[in-house]
Amino acid sequence: MDPNRNPQRPSGTNTNKPPVTKTTPAQAKRTIRAAATNTPTATSSTKPSSTSTTGNPTAVSKPVPARPTTTATNNAQTSGRGTGAGAQGPPRAQPAAAAVNKNTNATGNSGQTKPTTGTAAPKKAPTFADERRILELAVQRAVLATKTVLNAPNQFKNSGAGTGPISQVQHAPAGKKSATAGKNTSSLAKDDKSPVTIADFAAQALIISGFCKAFPNYGVLGEENADELRKPENAEMVGKIWELVKNTKLTDPACERLLGKPTSLEDMVDTIDRGGSVSSAEPGKIYLIMDPVDGTSAFMKLGQYVVATGLVRDGREIMGVSAGPNINFTKVVIDGARIGEYDVEPLNLGTMISAVKGHGAIARPIGRGDLLPPVPLNRASQPAPKIDQRQAGPSKFSGLQFVDSEKSPKTLSDKVKLFAGPNYKNAIQLYSSHARYMAMALGDRSYVQIRWPNAPKAKWSIWDHVGTPLIYTESGPGKVTDMHGKALRYDEGRDMKSHWGVITADAAIHKEIVDMVKSMLGR
């Protein structure tokens with residue numbers, strides 16, 4: 001923490017009242033001291049009071065110190081109530097108790113050159129402000145459903161934080177009846193042996209119905225389908241899902257009215273199935289892609305999991321909204337702590353991050369009603385990561401911070417250990433794919449993720465790699481590609497057939513990592 005600041009942290013009451021978050025994101029703190037020696041003297045300017053147009057009381061802005069000009073421009077959107085905010089410029093008057101952005105990586109309009117008469121202004125990327133707000137609210141509501149499941153007594157047999165390796169969770173073999181059928185009606189096993197719980201189904205139903213009320217013509221692709229739910233032996237589980245969906249709502253009535261919701265049990269099952277029906281993408285059409293609970297095995301062990309969503313068009317990401325319900329906002333975003341697999345607080349609602357292509361990334365604490373104030377994510381002014389060129393082979397990268405999952409059944413961690421060397425013992429271990437991407441976005445520029453498939457023909461599901469990769473690249477100079485350096489595409493149906501593996505790293509070192517991986521592929 002900066003000893004010259006005494007920030008007030010977000011309230012832990014999880015009420016609908018926005019917390020006072022006069023804080024500096026950890027990413028900005030890491031650059032404040034480095035920039036102090038060349039920072040011009042700041043002058044203060046007081047903004048007049050402004051009247052909210054959203055039904056809030058009149059908000060009076062407090063004096064905001066002028067920001068020093070830097071080379072990094074923060075375009076992060078702040079999608080508050082009834083707005084799709086996010087244009088560049090000096091800080092606007094904020095709602096009472098809203099976050100005061102002290103991120104010195106941001107710049108105002110003073111460094112911009114206005115186009116001369118007769119010169120067209122550069123075309124800006126669309127903000128998708130309405131889509132962003134609705135999707136953020138829908139994801140927030142889905143988080144509430146997952147927390148209801150987690151905090152209910154006796155949901156999962158042998159559960160508990162860190163009660164054993166995730167890989168020890170036993171599931172029925174492919175094509176066989178789930179061992180939980182007739183016993184634990186809160187979860188079942190899919191054909192790929194991965195578990196699925198009432199939280200997975202409920203979250204998918206809430207996200208699809210919530211978003212598609214406002215955008216009915218968008219395509220939808222989700223991880224789950226309703227095949228198992230239509231079987232008579234799973235009727236009790238379906239009833240539990242319906243009760244969860246029916247009773248989950250935002251505490252802000254106006255926000256809840258913005259979202260759709262299934263009207264009956266049958267409608268809920270059909271809504272879930274809508275996400276499992278897409279097999280190919282139409283050119284020019286926008287698709288909502290989601291993993292309603294990424295890391296279900298960790299979820300059942302009270303570890304980190306993510307409610308992950310993204311919008312894509314013509315095979316490219318245009319928006320990402322993801323929530324880590326067990327990622328403590330104050331500890332990780334404000335104080336800069338690492339994300340730990342079992343460093344969770346069950347009653348804390350966690351952290352949401354989001355981004356729109358070309359408009360930067362933000363993080364906000366998750367609440368129960370309207371969206372809480374965000375802070376920008378911006379790694380651009382941090383020092384670029386360094387590679388030890390004195391070393392030969394992959395060991396030159398050993399000084400980086402690796403993000404991995406030794407327990408993942410889809411990746412070869414032994415290959416990653418060649419890069420990290422003895423430093424692998426300090427790697428951040430997270431089972432959820434999207435939790436690893438979130439760690440990258442919330443970390444610093446030294447963070448690296450290499451997903452090395454354990455089989456030449458291993459399938460990579462689209463919902464495991466959409467949304468959070470965009471948030472990472474919008475939060476700073478990062479790149480996400482496959483192991484051959486190709487940018488990821490999202491227009492081949494449910495699987496990413498043209499890609500093998502994933503490399504996520506800072507743009508300054510990404511190519512060197514790709515080149516080293518290529519040299520090792522034949523070994």
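In case you wondered, yes, glycine gets a Cβ from its N, Cα and C as well.
Heads up, TrEMBL stuff is auto-annotated, nobody curated it.
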Matching residue for the Mg(2+) site, where TrEMBL names D291, D294, D464 - out of E223, E224, E228: E223
Conformational class of D291 (Mg(2+) binding site) under the three-state DSSP mapping: strand
Residues near D291 (Mg(2+) binding site) in space but at least six apart in sequence (CB under 8 A): G222, E223, V306, V307, A308, T309, H434, W463, D464
DSSP three-state assignment for E223 (Mg(2+) binding site): coil
8 Å Cβ shell about E223, D291, D294, D464 centroid, Mg(2+) site members excluded: M290, P292, V293, A308, S433, H434, S461, W463
Secondary structure at D464 (Mg(2+) binding site), reduced by DSSP to three states: helix
Packing count at E223 (Mg(2+) binding site) (other Cβ atoms within 10 Å of its Cβ): 24
D464 (Mg(2+) binding site), number of other Cβ atoms within 10 Å: 20
